[in-house]
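Remarks on the structure that follows.
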Amino acid sequence: MASISEPVTFREFCPLYYLLNAIPTKIQKGFRSIVVYLTALDTNGDYIAVGSSIGMLYLYCRHLNQMRKYNFEGKTESITVVKLLSCFDDLVAAGTASGRVAVFQLVSSLPGRNKQLRRFDVTGIHKNSITALAWSPNGMKLFSGDDKGKIVYSSLDLDQGLCNSQLVLEEPSSIVQLDYSQKVLLVSTLQRSLLFYTEEKSVRQIGTQPRKSTGKFGACFIPGLCKQSDLTLYASRPGLRLWKADVHGTVQATFILKDAFAGGVKPFELHPRLESPNSGSCSLPERHLGLVSCFFQEGWVLSWNEYSIYLLDTVNQATVAGLEGSGDIVSVSCTENEIFFLKGDRNIIRISSRPEGLTSTVRDGLEMSGCSERVHVQQAEKLPGATVSETRLRGSSMASSVASEPRSRSSSLNSTDSGSGLLPPGLQATPELGKGSQPLSQRFNAISSEDFDQELVVKPIKVKRKKKKKKTEGGSRSTCHSSLESTPCSEFPGDSPQSLNTDLLSMTSSVLGSSVDQLSAESPDQESSFNGEVNGVPQENTDPETFNVLEVSGSMPDSLAEEDDIRTEMPHCHHAHGRELLNGAREDVGGSDVTGLGDEPCPADDGPNSTQLPFQEQDSSPGAHDGEDIQPIGPQSTFCEVPLLNSLTVPSSLSWAPSAEQWLPGTRADEGSPVEPSQEQDILTSMEASGHLSTNLWHAVTDDDTGQKEIPISERVLGSVGGQLTPVSALAASTHKPWLEQPPRDQTLTSSDEEDIYAHGLPSSSSETSVTELGPSCSQQDLSRLGAEDAGLLKPDQFAESWMGYSGPGYGILSLVVSEKYIWCLDYKGGLFCSALPGAGLRWQKFEDAVQQVAVSPSGALLWKIEQKSNRAFACGKVTIKGKRHWYEALPQAVFVALSDDTAWIIRTSGDLYLQTGLSVDRPCARAVKVDCPYPLSQITARNNVVWALTEQRALLYREGVSSFCPEGEQWKCDIVSERQALEPVCITLGDQQTLWALDIHGNLWFRTGIISKKPQGDDDHWWQVSITDYVVFDQCSLFQTIIHATHSVATAAQAPVEKVADKLRMAFWSQQLQCQPSLLGVNNSGVWISSGKNEFHVAKGSLIGTYWNHVVPRGTASATKWAFVLASAAPTKEGSFLWLCQSSKDLCSVSAQSAQSRPSTVQLPPEAEMRAYAACQDALWALDSLGQVFIRTLSKSCPTGMHWTRLDLSQLGAVKLTSLACGNQHIWACDSRGGVYFRVGTQPLNPSLMLPAWIMIEPPVQPAGVSLVSVHSSPNDQMLWVLDSRWNVHVRTGITEEMPVGTAWEHVPGLQACQLALSTRTVWARCPNGDLARRYGVTDKNPAGDYWKKIPGSVSCFTVTASDELWAVGPPGYLLQRLTKTFSHSHGTQKSSQAAMPHPEDLEDEWEVI
């Protein structure tokens, strides 16, 4: 323990947003939304372990800044206690409310350590809630106690994978605390404290005096190196007394602490919060001690109960500090100098003598003024990031308009914990905000759309030195995890202070891909929560002795959090020796396979072309992800959907071009020499597709007085979700070569990485912005190396379905409408807000009050509102955002209005429909004419002489004969397509590009195309479904609860549990007509906008892929034929694919995939054989029967279904029974009943007189006991092998090359559980146990595991994929289905890209929007 000479103050330095944001507040289970409560806590120097009410254990690695998740299989039950142990292997034990105890042996990247997550279960002895756990120091013994007094001893043999448990002691009352040392177990119960000698199995009570009252009084050993006979302990007693006793239970001293408490207890300083932690504090109960632990220095004892925490000094018999009357303290844990406690449902607070992550030496170094030497930080513990007291705020003005932060999401399967704010602890520090404390609303910096459209000339800037700002009291350091700190504006040369176009929102720069917030291997539920908010911004720091802090509590890129430094410097900067870490974050990831650079200290002087930028590479250490749900903090987990500016690849293949070398340890360019773009890919070419340079964050990387370096960090980082997207903030990627510019207009940068959407270059913008000051330019030759064939990789589907999230203006959103330039939101309280589009972020302005419905015309010229209570419709005279507005009464008794650019369609309270025509800016309303309608309507939408309506029964109608000459049209027609698909829309809207959009009651989004006035029903004979459920959770009950809260109409509902109220109201919302129809969908030329009814909405600004599963009936078969199996293979005859179909295990037929409706050919099976599995390639069909026999049918052009079956001689394999087969092009893979994997070259059964090809046995992946491989899946080109195990975990074989066709190692692929896989030549598709389908993105030769999963619409019972990624499936009723897709793009320009081999840069221009 530390010996302390001067007095120390214990306080909370900064809230643990990085930890709390990584744990979802709710999960979705089916239709139910379950609140996640935190229930248990334990900490040490390496990890923070948090138990939850859903049976999920969250483990945060403090060195890697990664959150992992582990769960108990079976029913979800609350975790009541967790206990960490760091010995040779890291272990964590958790106990639940039903008496289950599980031990997880964690994966370590260090050599010789555990490489596979393992779990041991203690079951069958405890039947009641676990209350205490204790480890032996070597991790071989675990003691667990429950609330009925049972104590179980579990012996762990980690090498053998064994865990044996036995009951060793039973007390009459609940166990309160356990501690173990030197073969002695210290037990505290509600009635007494005792010592249990584990060798002699004898018990001795501590002290002879019985307790005067029962209670949760604990005891702990006093740490120290000593033999058993010298052990001493503290035990708390009623009446503020503490015993010190020896190993025989004899009391050596009694500390009576009443006098120490008489003068009061100095409270711990807590970080200021919006709601004080003591809000809801209880009246102070009688003081008493509780559980105890030794802490900080000799003689100091930490004691706590559910109301209070006390830090006591037994030497001086005094209280050091404490927290009293707070109430609801659930769990307390301490490390050497930190106290963590869990309060209430989800508040974890850290109390310490110093900020998180700073060792005292680093702290002292930071405080030295004028220190010009670079601080060498080489260990992970040294500096996860500078904290508050070390951060000086530089910069100038702060604008004070509220901005809502975009948080991007993209479709992916992994909707777990998505937007976790995983920052290194230090990076969470709140910068001190100048003089005086400002209200939160003023701590925002936003840009108006006018600013955003200005030209931005980028130059390196010198920042004037300013004196350190003194720390101010109170709120200046307080921050709330949903707020944004202000961005300092840098002054431009010439002293004209201009705001850099850095909307704070951009800080949360959207990660538009899919978080690989992976579901853990056994995760029973998909947790969907999105908490990432921005906590701050980079501060420009000019003092050489201080560190810059980039503070973002959205999911921060691992790049900033945990990796080694790529160096870069802007031109025109003097070179200097002293250098500091850009973000103050430098983590040494010890021993991990890819991150070797961390092991060598960086030279202090790297030549003029280097500046440090941390950057993260995918950790590909084998087994590093096995069975664990690792959520890297940032891009590696949030794989984007959109190319970063100029090809930012974050996963393992960090490549710019086909010739790029992978940036692995050691492949570093010579220090100081310029690096060709093909060698280093992390270059941000700053540009924006909508016609101006993207916003740049200027990070000052300070030198000593000789100069100042500036690095523009573009925030267009994409990524996102896992279903929930994680915002990656200001991903500071850059290159050795000092340049930052746009590529030539006629080139598009692409990458050899086919699937990784990081790898695609963004076409350059049409901006005329000068780039002359940006330094040396990239030559044409560099770009011309990029092969034209790679341009075809810019397929829209890779960038499709990238959703960004925005915060709404206040309360839940009832209605959302968009025009060309503005978005309008109506909340449940009747507040109407608007914000300009598509600036860097949304700046909400209150427009009106007491509004029930709002409508706007597509151009934005017309704006109508319907008033609350009076139901009168008003038209706005001239739509101005600022200044006075005049409203004209347009029609009384209205409930819903839809506006086209020159008409208004009004549904009235009577259900009648009225029309006003000839409207314009000068004539916003006119005389109303009644239009007959056969059904009462609830919604209507009109645009470009097309009118669609939604009836109260959720049927869709369209109006025929509408034209500019006949605006009222001729007649209503029912939409047959919607009836056929049984679509039940909640709201509909007409969008640009002649589209119609609908949101249904299940939260699915659909569209139709070709909607024009002459053909209002459109071109499609079905709706196309767009995948949104991974980011937008339509929680009807929360939608209705929002209405309740807003209108205060159910005052007594709160007395019942929220879930019950929600259940009662769930149907009420969708079945009864609300006073106003929620309108949750809007489409304009900048994107598709959706609200889920909460105070948030989502926008897809790129293309969207619509899916339709087409029911195919081969000729000669009945439409009701129930197929059981479908398999696609390369056709023996010509280009294209064959489908092999069967209805049972005793039949088989084949048909060409190109003409699947033609008559199938029947294939005769071997007599008496019951087939269990098939695999096929171009020249052979392999079949496996129920006895494990293999039959081969040779296929040829002349006989595409083959002539006869040949039984394969399997005598070489002995008694092995094969259960799964996979055919590549020339290679065969098989799996046996015990999980063994076999490889064979050649698809044909050779003549038995010749040498038979040998089966080579491949060692399967290391698995926990009882888990084995069950199926193998190979790609048609022999390049990939993926396997599934008996727990539905997915693994990939790495290292497969032409020279090494069997590969070299196995890697667990986290993110989802799959019961079937199908491989094309480029990627992998998976079917989940519930029938959902997902695609793996980012699979390449260099990155065989890919990056993230992304779900597609549909639910199937069996599926297959052709070599070219066309999906075929058997649907739930047994129908044969073919997946058809249609891409919706916002501009005609994007559609040209699929026709040209080398698309012009502007073709994809509107795909991207800088947020």
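Just so you know, glycine gets a Cβ as well, placed from its N, Cα and C.
Predicted, not measured: the structure shown is a model, and the values here were computed from it.
Residues 758-779 are the range that Swiss-Prot records as region 'Disordered', among 692-713, 758-779, 1000-1021, 1330-1351.
Range with Swiss-Prot annotation region 'Disordered', chosen from 188-211, 668-691, 1388-1411, is 1388-1411. Recorded stretches compared: 162-203, 204-265, 310-343, 994-1027, 1179-1209; the one with the most Cβ pairs under 8 Å to the repeat 'TECPR 4' (1226-1259) is 1179-1209. With DSSP classes pooled into helix, strand and coil, the tally for the repeat 'TECPR 3' (1179-1209) is 0 helix, 14 strand, 17 coil.
The DSSP breakdown of the repeat 'WD 7' (310-343) into helical (H, G, I), extended (E, B) and coil residues amounts to 0 helix, 22 strand, 12 coil.
Taking Cβ pairs closer than 8 Å, the repeat 'WD 7' (310-343) reaches residues 1-2, 9-10, 38-45, 48, 50, 81, 234, 242, 244, 255, 257, 259-261, 265-268, 270, 277-278, 280-284, 287, 289, 291, 293, 295-296, 298-304, 349-354, 356 in its own chain, all 6 or more past its ends. Listed as Cβ neighbours of the repeat 'WD 4' (162-203) (distance under 8 Å, sequence separation of 6 or more from its ends, same chain) are residues 103, 120-122, 124-125, 131-137, 141, 143-156, 210-211, 214-221, 226-228, 231, 233, 235, 247-249, 291-292.
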